[in-house]
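**Student:** So TrEMBL lists these for the protein:
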DISULFID  125-135  disulfide bond
DISULFID  143-152  disulfide bond
DOMAIN    39-122  domain 'EMI'
DOMAIN    121-153  domain 'EGF-like'
């Protein structure tokens, strides 16, 4: 039985395909992790790589061949026999060999903007920058003016550092600040300046409260005055009636006169005194209200002039 010989071309084709695949993968990996030439913030490293090597080897393959040799026992004079023949086959194999290779990578704290660059110009921050900050150097953020610290996580107190524009008072807030004005002033539309405002002062507000209280007391006194006048009128009517009755009974005995003459004279004098006292109080209240009105009239024009 004969075995066909192996073809060297058939054995070489798979080996070449495998070699091409290995070389392509190696080149792709190298392109991802190293540069063609070093640039800024690029560090050099040594690494051991397994490089594929194509080698040729020869192997012996035994085959059996049927041969005819002279033989006396055969009628034809030839006998058939088997002969072992060593056939040599040449093939190519891929072997890996360790090699030291120079590799260029980004130094710690730096990265590439794109893989086409030969330099590492993009800084890397281990923690993300907060509150609108940007990574400007390895692990160091460039912060807006309202924030500070390594990663812009701390608020800047503009009132203490003097980085504010307030004309009077500065009030620090989280991430910013706001302005306020002293008593008797109000904040302008720019949010920083203060303008005179007499109506905003505590004294003016206290004067308005006093004016309201005095006005209320005057209303009460006017009401009481009306009631007193009504009482006095009623007393005068009673008095006139008594006097008329006294005139009619003058000719009667004294005892009868004493019994019938009304004795309501004293309340008239007392009521008159109380009426005068009430009138004095009302007059004093009116004078105080007049003074308050004059002060209010003096304040309002000044405020209008200052606002203009």
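Just so it is clear, glycine is given a Cβ too, placed from its N, Cα and C backbone atoms.
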**Student:** Counting across all protein chains shown, how many other Cβ atoms sit within 10 Å of the Cβ of residue 152 (disulfide bond)?
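**Tutor:** That number is 21.
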**Student:** Near residue 135 (disulfide bond), which residues of its chain come within a Cβ-Cβ distance under 8 Å, counting only those 6 or more away in sequence?
**Tutor:** 123, 124, 125, 129, 141, 142
**Student:** What are the DSSP helix, strand and coil residue counts for the domain 'EMI' (39-122)?
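**Tutor:** In the domain 'EMI' (39-122), the DSSP-based counts are 0 helix, 61 strand, 23 coil.
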**Student:** I'd like the number of other C-beta atoms within 10 A of the C-beta of residue 125 (disulfide bond), please.
**Tutor:** 18
**Student:** Could you please provide the mean pLDDT value for the domain 'EGF-like' (121-153)?
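**Tutor:** Within the domain 'EGF-like' (121-153), the model's average pLDDT equals 90.
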